[in-house]
Each structure stands twice: as C-alpha cells, then as structure tokens.
Amino acid sequence: MRLGKGLVAAVLAGSAGVTAAQAPAAATPATSPTPATSIAATPATPATSPTPAAAAADRPVNERTGTVTLITGDKVVVTAAGHRVEPGPGRQASYASQRRDGHLYVYPSDARPLVAQGVLDERLFDVTQLLEWEYGDAQRGDIPLITQSAQGDVPALRSARQTRRMSALGMAAVQVPKANAAETWKSLASGARTLSAGRTKLWLDGRRPFTLDRSVKQIGATEAWKQGFTGKGVTVAVLDSGYDPDHPDLKDVVTQSRNFSEEPDIRDNLGHGTHVASIVAGAGEKYRGVAPDAKIALGKVGGVRGPADSAILAGMEWAALEVKAKVVNLSIGAPDTPELDPLEQAVATLSERTGVLFVIAAGNDGLPGTVNSPGSADAALTVGAVDRDDRMAPFSSAGPRSGDHAIKPDLTAPGVEITAAAAAGTADGPYVAHSGTSMAAPHVAGAAAILAQRHPDWSGQRLKAALIGSAAPQEGATPYQEGAGRVDLVRTLAQQVTAATPNVWAAFPWDGTGERVVTKDITYANAGDTPVTLDLGEDSEVLELGAQSLVVPAKGEASVKLTIRGEGRAPGDYPGVVTARSGDTVIRTLAGAYVEPESYNLTVKTVDPEGNPPDVRVSGEAYDKTGDRRLLAFDGQGKATVRLPKGEWNLYVDLWGGYAAFGHRSVTIDSADRELTFDVREAKKVEFTVDEPTAERDRLIAFTLANGAWNTAWISFGQSRGYYVFPVRQPGLRYMSTTVWHKKDAKPSPYRYDLVDYEVGGIPDDPTYRARTRELVKVSAAYRAPGGAAKARTSVGPQFPGAPWTDVWISSSPETDLPATMTHYRTPGFAWTTQIETGTHTVAGHSEVLGRRPVAEVWNDAVTGPAFGTPAGDRDGDRLRFTADGLLTAGRAGLNGGDSTTTGKLALTRGAEALAEADLAGCVPMEPEKCLLKARLPAEAATYTLTASAQRPSALSTKVEAAWTFRSERTDKARPLPLTAVRYLPEGLDDHNRAKPGSTTVIPVSLQRNPGAPAARATSITVETSFDDGASWRPVRLVRSGSGWTARVANPAAPGFVSLRAKVTDAAGDQVTQTITRAYAIG
C-alpha cells in the first residue's frame, strides 16, 4: 500500500496577463552618488522613508528565465523579475501558481482538479523543471508526453505524433506541437475528474539523471571466481548513457546494443554507461568487473542531457522481452512520490511477466526519505552505497519510501571512488574513479549474474531474496540506510536457505479502534539435500514471531507466522529485521511498520448560488502550521473528502466558471470526522469603484491571503456573474484584493488605477473599495524607446505586508509602442514594483512604499552599462568568484536588468598568465550561473586583471566592456573585490534616448563601488567619446560636481551614436577601464 501525502507548498494564483514576482533588492549606494537628475527605471524617493521589499521566501536566486507552453496551450513567461501567464487560443481559465521546494508551478483551473484526481502528471506544470530540462519554447516546439490506457491499446491523441509505443506496458510516447496544445487539451480533458478516450494517465516524458579495484574483492566476487562462478552464460542488460565500443575491457563483453536516446549513435559521450558496464562485467586485466564472463546488452537510453522516461521504458521492454536478460541494471533515478509513476509500473509489470530482476540505484540525495524512483518500486532490488570500509556513504539516499514508509534501499554495495573503464574523451586515461549509488548498483547486478549462473532456474525475485537475505549488516547503520546490509556474495553462494519474501511491511492507518495487528507468513526455501533448523529472532518492538525455531526440509519449504503490532504504539516508523540462523547460515528479512497518527476524514462541500451542487471547476487544499498540505479532489457534486491528522488545519477553496468564489476557513480536527460547507449564497460580492467617470475596470482581479508561512493569491478574469469571497474572522489572516482600471475604449489608456484593499484579521463582511483620485498617489511614468522604434510590455504589482513573495503583477499591459507616457494612480502605503520588457531586455525597478506626494518615473533611459546592485565578486581564501549579471543595467545603478540575447565572455589573468574564462551567452540576473566566473588563486599577493565583454543586438549599448585591475591575496573570509563601475545619466535626451545633432549634452558622471568593498578615493578619472563606434576617441573635460563630475559632450551635426570610455585609478592603485559602444543616439 502506498499512502498519499499532501502538497508542501504555498499557493500564488495568477490569470491572463498576470505575473508573480519578487522585487529586486534595493541598490547599494555608489562611492560617488549619482545626481538625481532622472529616475532611471526606478520609482523616485517618496516623502516617507522607502522600505525595500523583503526577499522572496522561496524563490531561488538562480531561477531560469524563458517561455514555456503548458499542455493546456497557455504560456508562462518567466522573466528576470517574475512571471506572467498568457492564455492559449480560445482559453477561458484562471490560474494558480505555487512555489514549492524552489520550483514554480502554474496550474490552470481546468487542469488542477485532474492533478488532484491523480490522472495528470504534476510535472506538466512545473515551470522551473520544464525550463531546466530545456522544454521551453526557445528549445523545442512540442510537448513530450507519455499516455496510458487501461485496455493496453493506447488511442491516438489529437494533433500529436506518436514516437514510441510500449505495448507490454499499455503506454505510448507522443509529442504535441505547442501550436496545437490548446486544441489537444480540449479533446483530452473534457471532464473535471477523468481523461477522455479511455486514457488512465497522462505523464510528462521527463528526464532522470544518471545517479574497480578493491570493491570487487570487498563483496566477495574474487572468492566466487575461485569456485568457478563468473557470470558465464548470463546476460545483464545495462540501460545507461551508451558505451565506448573501442574500450578493450568491453570489446567482447557487449554482445547486443540498441540506441533509444536522442543522440545519433551508441557511443558514450558522458562516460557513465561505460563505467557502469565495466563494473558489471569488465574484462580488463587490472580492473575486472564483478561478473567477468557475463555478457552485456547495452541499451543507450540517454546522453549528456539525461534520459527521457519514454526512452528508459522502451529500453526496459527491450531488455526484458527481446534480449530476455536475467538482470537489468538501472543507475538512474528521480525524486519519488507516493503515486506510482510509469517507471515504477514498468518494473512491476515486467518483473512479474518475465522474471527479470531490476537492480536500481537508490539515489545520491543523502537524506532520509530520498530514495529515488524507480528504485522505490516493490520489485526493484534497490542499492545504496558504502565506502571501502563498509561505512555508509554520506550521499547514499535513505528511506523510508515515500507514501507508505516501507524499508528501502534493500541492501548496499561499494560506491565510493570506484575505478573502472572510462569512455574516450571523458577522462584523461582509460580508467577513472567515480562515486555514487550509480557505481554501487552494478556491483549488485554483477553479483546477481553470478548467482544466476549458480541457480539458472531461479526467478529474479528469488535472486533478490537471496542477495538481501545474505547481506552483511554494518554497525551503526539502520535498515532505512542500508536495508539488510552490504551484499556478501560468498555467503550468498554458500547458503542453501533463502526467504521467499525478503521484505515484510505493514502500514497502519488510524481507525479509532486501536486494533492495528496484521499477521504474515515468512516462508523459507531449502535448496540443499539435508534439513536445516533455523533459530529465529526479531529486533523491533512491533515484531512478534510465532516460533523461535523452524525446521526447513531438504528441497522443501517451511513458514513461520510474523505478527506485526501497531497497537499502543506512538505514530511513526518502526523498521526492523527478522534473523534466521543455522551455524554459518544467516538469513535476514526486512520487516516493520508505519503507524499513522490519529487522523480523521474532513468532507468539504460546495453549493452554488442557486443552492445546487456547482457545475463549475472546484479546487482547493488543506494546510497546517508545519507546512503539510493536502490537495482536495472534488467529485462531480462539488464534494471532496480528505484525511487529516489531528490538529489545527486551514482550508482554501475556489470555484471558477461563470462566477468566481474564493474562501478560507480554519478547522480543528480532534476526535471525529468533520464536515464543512462553502455555500456561495453566503459569499459577498467584491466591488471596486473609482470617481473617474471615463474609467472602466479591467477584467483582472486578484485576492491574496496570508496566514503565517502560508500565502495565496488567486486571480481570475472575465467572470460575467461576478467575484465573491466568503467572509470570515480569523486572527492573523491578512486579506488583500487588487484591481486595475483604465480609460474606456482607449488603447493605450492615458491613465491607469492600481488599487489595493487590505485588511488584517480575516475576510471582511463588506469587501467593497471606493477609491477617490485625490486620496491616491499620482505616478507620472515616461517609457523611453531604446534608440529607435520598439514595443514594450509593462507590469505593475504591489507587495503585501506579511506576504513578501506574493508580488503579483496585477496587470500586464499588451505590447505598447515606445515611447509612451502614462499616469498611474496607486493606493498609497504599499510597495509597488514595475517591470518593463522591451524585446529581449527586461528591467525591474526596486520597490518602495509610496506616500501621497506625486512621483515621476523614467524608464529605459540611457546609459545602459555596468553597475553593482549586489556584491558582484569576492575572494574567499584562495577562491575567487565574479558574477557579471550587472553589465547591462539601465539608468540608475541598482536595477535588476538583463538581456537574454547577451553574448560575450569573462576572463581573469595574472600578467600574461590566463587563469580562468567563462562564457556569457544568455547572461541575465536571474540566471547567475550563466554569468559566473570562478578561479583558484595562489596565496601570495599579486596583481590581477578581470575583463568582461558583453554584446547584444540592440540599438543602444550594443557592446559593453570593462577591465578591472586590482591587487589580491589570500583572505580569511569572503571579502568583496575592490571593483568600481562608472555610471552616466545624460541630460536633455529625448524619449528615444537621442540628443539633437550639433547640441551639447551634459552628462553627470558618478562612481559606484562593489558593495562591501573598502572605499577608495579616485585619484584620477578620464572620460572619452567616440562618434565612430570606437574607431577613434577624443577626451572630454570633466568638472567636479558634488561627489561626482559633469562632462559636456559636443555632439556632431550628423545623426549617429556616441560611445563612452572611462578610466579610473583609485588611491589603492586599483583601476577600471570601461567602454560602452553606442551609449546614446544623435538624431
């Protein structure tokens, strides 16, 4: 039994044209502050002291950016400052977004119920994972899926191309063109609880990462060879990254191969498969595999990008049905969930149908509860890792298994610094040492091959039982870490007695009676010619044997009763081992129980405005103060039942159709089942009004709730019958509602109202907000064009007290021709964040709390160039790190900006010696790994030069270069590098960032220090201009002005561009030379 578990996530809901975003950190002041001559893509300082927004609670700093088309046809656009949703063609839906474990999920309202019903793979809406797997729209034009049918005959999917059929599993791999995704979804998801045309499940065709000297002797293989057992006559299938056909250790070992991957041939470009295969059966003189006379069938299921699920499934079918392998090694895995995924199903189906044994790596996550799938499958022989001294490897994934808390892994094998064959081009020589459960699993696969030679008539499950039963336990390791212990091939071959069932487990749900008892048989089989008397014992308080000894007849079987008692036990896990001994014979059987905490059923009912079961989409979840969350799976009558442990819980429910209703309740689960009803007739309609007669409300509306660590924002649109909330008084619950108004029939509108209604202590009885223009803050915004005609999309959103990461873009305008101006009227007292996307360039202004005084903003103003919003680089001991994500910062320093089309490089040198280099392709602030240079430096003091060069296909700042020269030596802790950036804010440019031909442009010049670096006074500064893109330069006179300088540039009479080059030397002797090609235009 696999018990389900709830979601562990906060919810952030979105809608058409909506982005949830984190505001960028406030700028670090420059050494020489920039004069406030313009507001460069950031709000002006209000009358009240600005309060920078809190950092996003669960947003990773290196979140990938890009656009992803979901299976529903909707697009999710993730930018440097947040995300928004764009509905697919003809789509009418609302959207909920969640952040969980550092991943962003976006659920359309007509998909979320199917996820709750367990028929739709949640990974289809994991935007972060889709981008990391390169499933974004920039990388591929289709959505890869796996479909399953209960009848086994998988029906065709509209507009989809079938790429692979796994008939024995009732599955097929298909690809849906993203352009047709909305049409495909319409035909696929006609109901709220089931898929159409007999399909039982739809999965994303995801990817799973690939998870010999002394180690062979360590498990007893060399002793087995002496007895003549070398795996001869046994075929082991290795499903991995391919192999090197020219490696001498594998030349005559791999007798069959097939390529299921996206790469063109069987060759191993990663090195993983070659290494794994040689551990199983490598024929080298120095490094021999565990079963050197076994033969290998090599199925290449993936390469450098990792294997797709459908490729693994096809390889499993090939290995079991066509090759008829006795053993299959899978050093592959991904995080497990309580539900059965397609690979777990395939392990079960093929094991039962063919008798094959799947030996699978446990995973390299190291923590409790992290055993990977498909090693989590019941039929899998799941392998953890130990070192050369039989100590648990710290990276080895441990149990309990997700869902039912059963014992996994089953056993361990050597997996630390294992030397084996290296594929050509992946290492410096023919052999290489690797660590991981990927290396442990093939040790066990080789051991299974040797045992299969010894007992050719044994099934895979009997081989598994014998290997588990004879494993050697290690002192200090628990069954959840090591299973039965480290594989011991000498004992396995010697023992004649095996336990038919190597793992006996019980999961006891709370039923109120306390009768938590189950009795199971442990059956022992004796392959020997004489009877064996076993002395029996158990080591867990929940285990009770029916006898202390058992006689197993020659060539026969005998069973003993094992009673597992959960009665009177505190909730939790009780893993243990039953041991049977007879002289040198020791058989270990994994056994134990999971006792569920006191739990009861909560039934949630919903009623529509007419008093009937709702005919709209209904979704929701329950959550507690620990972060435990459970999805509510509503039936066709608008009712859902969820099992909850005793304690305080909160319920969130929303209904979406011709109307939208949103509710929150707290409930105490104590001593009985409970029932709760959300009756829309008791809900209150949300109303916003403004005193501007020409204004009309945008179709977008958002509601945000925050309660402790839990936040949710829910946004919908186009509800003809209105928006409703369920009033409730609840201490600590924060309620916010937001909406946007613009001028009727004006495109673009000359003004916009961004309104927020906020209340602490629950959802109000009267959710009405009446806005008066004179009580709002007026923000006059100018959006410049970057040197020429351009289009931009602007998003605005408030930040809410107590809910820092729910920065909802309450309105994302359609693309607007630049330049443009707009007057915003905003509710005062809130921090507002603005983001503007101009082509591939995105800039977001940091958020400040607005008072009532008018504010002016200028966006996209020149000059875009280097700036330090956060520390850009440091030295920690002998390690140097530098991140170039501030090279393309528009206007005032401290903004969050970047361009996805950036190319260029970073380089670090010491004199003529090149120390490190990094590529800047696609460098944007929210993907710092694309902007990062790392180097290890000698301890002594030396002079270094760090150069950065970035290019982009833009009208202005087409190329930005900087070269910093500085002294550095070993540090006692991380210390910021002594770097300086030169900032410019030209005055008098027009709204295309152009100066008039023949005019003089006044340019305030300031210096900004890398935050945290010691201050250093500038001893010299020069600025030069070029009117021919850097072919020639001429100096510009600088005049001291406050803490900065002023330059006056005489612009040519002909249209063109002005480039700027500056050189600064400070009192410490550090220097910077900075060049910006086409800093502003003349025209």
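Start at 1 and count along the chain as shown; that gives each residue its number.
Cβ from N, Cα, C; glycine included.
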Exercise. Which residue range, 391-410, 511-530, 731-750, 811-830, is the one TrEMBL calls region 'Disordered'?
Worked result: 391-410
For this session: Look up region 'Disordered' in TrEMBL and report which of 27-62, 135-170, 207-242, 999-1034 it refers to.
Result: 27-62
Exercise. Sequence gap of 6 or more, C-beta under 8 Å: which same-chain residues meet both conditions with respect to H272 (active site, charge relay system)?
Worked result: F210, D240, S241, S331, S438
For this session: Would you mind checking how many other C-beta atoms are within 10 angstroms of the C-beta on D240 (active site, charge relay system)?
Result: 29
Seminar exercise, completed: Reading the DSSP string in three states, the entry for H272 (active site, charge relay system) is helix
For this session: Would you count the other C-beta atoms found within 10 angstroms of the C-beta of S438 (active site, charge relay system) for me?
Result: 30
For this session: Take the region 'Disordered' (391-410) and count its residues per DSSP category (helix H/G/I, strand E/B, coil), listing them in that order.
Result: 0 helix, 1 strand, 19 coil
Exercise. In this predicted model, what is the average pLDDT of the domain 'Peptidase S8/S53' (231-485)?
Worked result: 96
